[in-house]
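S.K.: There's a structure below that I have some questions on.
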C-alpha cells in the first residue's frame, strides 16, 4: 500500500460521516420519544444538539476539499470523496428534520395525542433502518444493500400516503384539533423527506461503487 | 510555405480535419517490438485520432516511450530492434516506407530535455527548413515567426532572435524545441515527457501550449505526471509490461476505469 497516509485520511473522513449518522439517528429517536412522551425538555435538547452535527458536516467538507487539493484523487478515490461530501450534506438535512420534528412537538405541547392513530413511528423506524443501511452499504461497498435502501423508500412513501389520509380524515371530524393534526402532517412530511435524502445517500454510494448514476427514488 | 508541406510530406494529401469527428490519424495493429531477445511491446493495437492529444501513461519500463518512438521509427537507431506489426499514418504503412526523413518531417518530436543547437534562437528554428533547401530569407523569417508564435514564445524572444538559444530558461528552451518541431510543418508531434525537467509555471505554459496546438496537430505525449495526462489529453492509454491494458477517453480512465490495474495505477496504489 503506497498511499497509507491518504488512506488514513479517507478513513477519518468516513468515520466522521459515521459519527454524523449515529448522532442523527439519536436525534431522530429522541425527537420521536419527545413526541410520544410529550417531553418538552427532550425536544429542546434535540434542537440544541443539532449544532454538533452541523459542525461535523463542516469538518468533512473542509477536510475533503483539502484532501482533493493536496492529493488530487482520481477514479475510485475521487468518487469516494465526492460521495462523502454529498452524503454528509444529506445527513445534515436529515438531522434538520429531527429538529423540525422536535419543534413541531413543542408546538403540539401537552394534549391528547393522536399519534397512535398514525403509523408515523413505524415510518420513522423504517427510515432510520434505511439510514443505517445506507451507511453500511457505503462502508462495505455493498451495492445490493444500497439498492435495498431504495426499495425501503417505497414503503416510507406508502406510509406517508396512509398517514396523510388518516390525518386529513381526522381533521374533518375534529377541526378543533387542527394544531396537533397540522403538526403531525408536517412530521409526516419531514420523515418522508428524510427518507428521500437517505435514498440520495444510497445513490451516492452506488455511484461510488459502480461509477454510474442510479435513480433509486 | 504550403509548398514545403507538399514537397516534404509523402502522406499529407489523404486527410484533413473537415468533419467534427476526427478521423483516425495513426492506426497501430498487432505491434510487437523486440530489443534483441527481449520483447518490449506485445500486440499493441491503438487508433490515434487526428487533432487530439493522446497521453501514454504507465510505470517506468512499461514500453510507453518505446511505443512512442515506433511512430517515427526512432527505434531504428538502436541496434537489434525488431518490429513486427503495422503502423499506418494516414493509411500509409510507416514500416514499408524507405523514406524515414520524410516520415520524421511529418512526425516531429520533442524530448524530455531540450536539445537545442548552440546557435541563435533564429538559427535553431530555421535549421530544419534550411536543411530542406529553403534559402529565401523572407520565407525563413516567416517560418521562424510563425513557429515561435505557434509555440507561444514569440513575444518573449522577438527582440533577441540573434542571441544564443542556450541563454534562455529551461521552459523557454523547451518551447523553442516545440517551435523547431513546428517549423517542419509536421502533422503529428510526439512528446516524450516534455515537462519533466521544467518548473511548475513553465510546465503549465507548455501544457497550455499543447492544448492550443491540438487544433493544428495530432499530439501523442508520454508523461509520468498523471494529473498532466488528465488535464491535457483527450484519450489516454495505460501501458503495463509492454501491453496496453486500457485505452479510452481520458475522463473515463481517470473517473471510471474498467480495468483494476488501471484503477490501481491512476490512484497511486502501485507504480
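Cβ coordinates are placed from backbone N, Cα and C, and glycine is handled just like the others.
Pulled these from TrEMBL:
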- A:19-104: domain 'PhoU' (DOMAIN)
- A:120-204: domain 'PhoU' (DOMAIN)
S.K.: I'd like to know the mean pLDDT over the domain 'PhoU' (A:120-204).
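M.R.: Residues in the domain 'PhoU' (A:120-204) carry a mean pLDDT of 97 in this prediction.
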S.K.: May I have the DSSP-based helix, strand and coil counts for the residues of the domain 'PhoU' (A:19-104)?
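M.R.: For that range the per-state counts are 81 helix, 0 strand, 5 coil.
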S.K.: Please work out the helix, strand and coil residue numbers for the domain 'PhoU' (A:120-204) from the DSSP assignment.
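M.R.: Secondary-structure breakdown of the domain 'PhoU' (A:120-204): 82 helix, 0 strand, 3 coil.
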